[in-house]
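All remarks here apply to the structure that follows.
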Amino acid sequence: MMKRTSAGLITLVSLIPFVLGQAQEFAQCGGIGFTGATTCVAGTTCQVLNPYFSQCLPGSSSAPSSGPTTTPPANPTSSSHSSTPTSTPTTTPAAGNPFEGHNIFLSPPYASEVAAAVPQFTNSATAALAAKVADIPTFIWLDEVAKVPSLGTYLSAASAQGKSSGTPSLVQIVVYDLPDRDCSADASNGEFTIADNGQANYFNYIDQIVAQIKPFPDVRVVAVIEPDSLANLVTNLGVAECAAAQTTYLACITYAMQQLTTVGVIQYLDAGHAGWLGWPANLQPAAQLFNSLYTSAGSPSGVRGLATNVANYNALVAASPDPITSGNPNFDEMLYIEALAPLLDPFPAHFIVDQGRSGVQDIRSQWGDWCNVLGAGFGTQPTLNTGSSFIDSIVWVKPGGECDGTSNSSAPRFDPHCALSDATPNAPQAGTWFQAYFETLVEKANPPI
Ligand SMILES: *[C@@H]1O[C@H](CO)[C@@H](O)[C@H](O)[C@H]1NC(C)=O
């Protein structure tokens, strides 16, 4: 089963600038354009991570940089974007919207989970709705190497479906097995560690995925690449584990982009969400990382763009700003994408957006809350009707109903976020089925299932 990580994403959204006198732990406390509090609460110190971002990190004042950056350094590179004409990429990006003209293959593991969940509903009308969820495509998470062989089985079935229907199949996967994965969280549960041959193990994991895909050129594979990883490199290099993982992450993601391109995989690199990289101070550093990584990898033609809001709860277009987003003009995914897209060059400015659990808004106490958020409902179903030429498709990346983490504080891998008042109580271990949560997602689906 998926470990907590597939959803446990994004604790870091505590990166929210705080408008009261003192910035909270992990909140932004300085950087170019930042206007919020520049002193941190007791027990934390404001540390400069880059010219755009200083953050209140645990620890007292022995920290290297004593204060936030209040003076912008000379010239951030933003001017180069407006003056640079649209250039012709050296490698032709994947042509057109990859979702067009394909039938999306339904995830077999999720279909099994839903099939087992339906008989447990006490209300037959709701059970009938729940059964329909099995027909909504979600992504298949390859979050450990042991799951890779099943990919060939799915591709074989997808190939057969394509041949019999006359419309080619599209299989959606998440590549998610970096060594020292989830470097900024307490309970990072990746199977590989950098200290123990992690990079070689990761390359082998990618090689195995490539080998599974190669025999099925008739099936289109779309992949989300490594949720959280690059966003952590933008904002969390002040976390020792992230700083230590930086070189390996970059090498591993470069290898994944290049090798997956050889078998035609259409790739979207994970780009966090509006409440993370969408803060104005983070946009330029994020774009710079995506642009430079893409260029240094040789502009792999399989790379199509970015995936946002994976396993999170943000609206694509919020009817009104959730109060927890206060201070960020990019308070929904559309605003975030429209702010980031113009900064992407040569990185291709195409996006997919997870809306699997975004049906109900204004349910979180803080933007950084991510664990089994109470009252969430399934969101807009996957569609190519996205309202933006930047967005290829609305997707469901997170399989709704799989638990984000246990609420039992005595259990292994407990994360305090999973016991907050806006997290659903009585939650089982991460990755296991959380029936009560699934039932709420169905009941509160918006639009209705
Ligand atoms: C919480 O976890 C502990 C340790 O695994 C276990 O002994 C206990 O029974 C669990 N409590 C509940 C309510 O599940």
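Glycine too: its Cβ is placed from the backbone N, Cα and C atoms.
Per TrEMBL, the features are:
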type	residues	note
ACT_SITE	D182	active site
ACT_SITE	D228	active site, proton donor
ACT_SITE	D404	active site, proton acceptor
BINDING	W141, D143, H273, W276, N312, W370, K398, E402	substrate binding site
COMPBIAS	60-69	compositional bias 'Low complexity'
COMPBIAS	76-98	compositional bias 'Low complexity'
DOMAIN	21-57	domain 'CBM1'
REGION	60-98	region 'Disordered'
SIGNAL	1-21	signal peptide
Across all the protein chains here, work out how many other Cβ atoms are within 10 Å of the Cβ of D143 (substrate binding site). 22
Pull out the recorded positions from the set W141, D182, N312, W370, K398, E402 whose C-alpha sits within 10 Å of the C-alpha of D228 (active site, proton donor). D182
Determine the minimum-neighbour residue: among D182, E402, D404, listed as recorded positions, which Cβ has the fewest other Cβ atoms within 10 angstroms? E402
Round to a whole number and give the Cα-to-Cα distance in Å for the pair the residue listed as 'active site, proton acceptor' and W370 (substrate binding site). 8
Report the largest Cα to Cα distance, in Å and rounded to a whole number, among the residues W141, D143, H273, W276, N312, W370, K398, E402 that the record lists as binding substrate. 23
